[in-house]
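Have a look at the structure below, then the notes.
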Amino acid sequence: MTDLIHLSADALAQKLAAKEVSAVEATQACLDRIGAVDGAINAFLHVNTDEALLVAAEVDKARADGDTLHPLAGVPIAVKDLIVTKGQPTTAGSRILEGWQSPYDATVVKKLRAARMPILGKTNLDEFAMGSSTEHSAFGPTRNPWDLDRIPGGSGGGSAAAVAAFEAPLALGTDTGGSIRQPGAVTGTVGVKPTYGGVSRYGAIAMASSLDQIGPVSRTVLDSALLHEVIGGHDPHDSTSLTDPVGALVEAARMGQVEGMRIGVIEELQGEGYQAGVLTRFHESLDLLRSAGAEIVEVSCPNFRYALEAYYLIMPSEASSNLAKYDGVRFGLRVVPDGAPTIERVMGATRAAGFGDEVKRRIILGTYALSAGYYDAYYGSAQKVRTLIQRDFAAAFEQADVLISPTAPTTAFKLGEKLDDPLAMYLNDVATIPANMAGVPGLSLPGGLADEDGLPVGIQLLAPARQDARLYRVGAVLEALLEETWGGPLLAKAPAILKIAGGK
Amino acid sequence: MTAGTDEVLSFDEAIEKYDPVLGFEVHVELNTRTKMFSSAPNAFGDVPNTNVTPVDLGLPGVLPVVNGVAVESAIKIGLALNCSIAEKCYFARKNYFYPDTPKNFQTSQFEDPIAYDGHIDIELADGTVFRVEIERAHMEEDAGKLTHMGGSTGRIQGAEFSLVDYNRAGVPLIEIVTKPIEGAGARAPELAKAYVAAIREIVKNLGVSDARMERGNVRCDANVSLRPYGQEKFGTRTETKNVNSLRAVEHAVRYEIQRHAAVLDTGTPILQETRHWHEDTRSTTSGRPKSDADDYRYFPEPDLVPVVTNEAWIEKLRAELPEPPAERRKRLQADWGYSDAEFRDVVNAGVMSSIEDTVAAGVSAAVARKWWMGEISRRAKLADVEPAELGVTPELIVELNALIESGKINDKLSRDVLDGVLAGEGTPAEVVEKRGLAVVSDDGPLLEAIDGALAAQPDVADKIRGGKVQAVGAIVGGVMKATRGQADAGRVRELILQRLGVEG
């Protein structure tokens, strides 16, 4: 059984198709693993045992009947608890939604169901996806499988940790400023933020609508491509969803190609503020790519230095409006204060009790930024910066086919280390935010371990909008080159995971 | 509802001293099949909270999708109001907490409405034409309907609890905003009524709204301010909200002019506020203070893409526009052969369309006018509703007229038949049957009644025999009384003269 949990989604899918293993066996293996390690990891907020096994059994029956099945049918998956699911709770990591169950499925969940992928459960996150450490979850932090005293990144720490700890071969995440890629970087896993509009947002609980994007979380580049093709494509329920076909992402990942490609190193996303071990691994990756025939070029994106500040105006502005609906009137928590409870007091008490500090901080910030008299100076200026960042990308992609940078400036920090310093926490997303601001796709893959702490380093690839396939093409090659130097997948080196597995 | 306790000046005195400036915001509910941003049915009068989807309830994760038919309706309204149509326009979020708004923001348009800079020419009762400039017409969604239970005011303040029906939430609205209307003078109340009537007529004529004011399909917020004659600067305005009948619009504007004048006469400034209109007391009471600085934290709706129009589309819609009401009036007057005075009365009574429909259903223009200006207008006045709101259909008039022309009933009986039909007793023929209303056409019972009447008034009988034929009326009256009106008076007269051997 241990073997099953270590298989990539692609390898598992092949074994399922060949009837070497059943979907029930594969799903049960994941559920057993969750039972064994999740007490320590806390990646899951809800485990969907019965339904997952039921779907797996249906897949096995359909396969026995000779039905045509989706290639990933029977491959289990975890879903970030920001994405609504029928039949399971959806909390967004917040007390305000505790116990709420959605009457409808997100479009991506419908697609998982159509592909008949058993949903293992819902993964932990920073409340409403606001954070870079998963410490802002109302239901306790998730721990990094590499070191249980360290953060798994955020907001999607649950999905990344679940995949890193072999609790699931695949997971869904959401990425507003790096919430898929940064957890991928610090847990030694792969995460992709697709082109804005490439995956439907319908059913993803909104933080910042113009930045949010659902994407795949996995242990290999190919697995992300497989999942990306399942969830991508136009959705009439999402006006911002692109009408383009998803594209041949799996083929791009299988073929791989860097020869003759121009790979741009972003001057502004390295150097000061970046951990030495992160930069060492980053330069190693550049060398590998160069040796494989890529042309490494330097590009400058001067306005990226304003990206973080602009992001922290646009994101909270949209969030302050998106989170207004949590008022105790229609669903979720309702707190009725003593005395004569007017509607204002009920709304106020509900929001005071239901939201955590980081959420309140961003609502207040956003409300202020949108206020009459401040709008132009804050929201308006931030939108202008956004345009400048888009222009920087456009100019950079004239010189390079893909861009490359470290995913995060540091490896995983200690739990609690930055909890009282929001600005330090925000700085963790400095390299991931520009992609969201411009709507371009980004992929993070493991780049090795930092020498000083032995923790995973993430390498980020960025491509022009709608060119997600390039990420897979380059990512697959770099992954193969790196694994060659390591003599196997990076996760094989993770001590904590092995310890837990041995211990139970 | 308590009567307004405000002092008022007589209208004539108010107008003598002050120059009124008006402004209107008219909300038109479109009659699209589905809502503005969801696939829920747009239907009136259904069981509360049944015409809702997750989108209308603002559940976590939902996204809006623009109703294309509503956009076309908005463009048609814009064109009919002689507006320019934006090549590209955006939706915006208007943020405020109120329980009838499921998301705690209304999706509306702010800086760039779909239609702007238009005008309509309003014909007043005396035949003069007054041009009203249109500032803008923009798209938005309606709120749900709150019913406040307990408390004395029917408002949220003081209510024990409130019920909310989200069936109306998301119904497409077009808000039509005028520029300040100056120079109406004493005709301001009349102009107010005529303007709203014109808007109602236009949207009904376009087929984009049911335009039933009693159902809230057309709702008017009336702004009034006064200034001394010769002063350029506008006075402080008040906005009387949700004035929902033509008559009420006229009365509300008249009342506010009188009230403002009384306040200004005391040297007190007008408080900028919203006012509530009370039909029972025909007065307004203070609502909430409203300043231009109300902070709705508008920002572009990130979940929707811009609405982009093009000339070909706009010209196609322009070509499809029905005949404008003013031109239509000219044509109908010519078709019907009414005098100017007759036609103006018809227009002012608000029965032109009803007459048009009735003529189309198969009676002469004269007969249609007789009904709509006579019996139906009389009843409408008694019930204090518009004639068209009584439920009299063109088909009903055709049937009633056929019964009269065939001699089955007379004019007087036809009113009883109408009573019966409106009381739900069935078709006119069925009511005649059930109520026994047919004209007594069998000469037998008539002759009996005639003999009775002649015997009762022998002196009159003698006079007639003596050649005073005009005295026959007294006998006819007696017969009609005896037959409870169910006789054909002409036939009765004939028979009396025959009986007495006198030549008519």
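Using N, Cα and C of the backbone, Cβ positions are placed for all residues, glycine too.
Just so you know, TrEMBL annotations never went through curation; they're auto-generated.
Some features that TrEMBL has for this protein:
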type	residues	note
DOMAIN	B:353-500	domain 'Asn/Gln amidotransferase'
REGION	B:274-296	region 'Disordered'
The region 'Disordered' (B:274-296), counted residue by residue under DSSP: helix, strand, coil: 0 helix, 12 strand, 11 coil
Residue numbers, six or more beyond the limits of the region 'Disordered' (B:274-296), whose CB comes under 8 Å of its CB atoms: 1-4, 6, 94-96, 238-243, 245, 248, 251-252, 255-256, 259
Three-state composition of the domain 'Asn/Gln amidotransferase' (B:353-500), taking helix and strand from DSSP: 112 helix, 2 strand, 34 coil
Mean predicted confidence [pLDDT] for the domain 'Asn/Gln amidotransferase' (B:353-500): 86
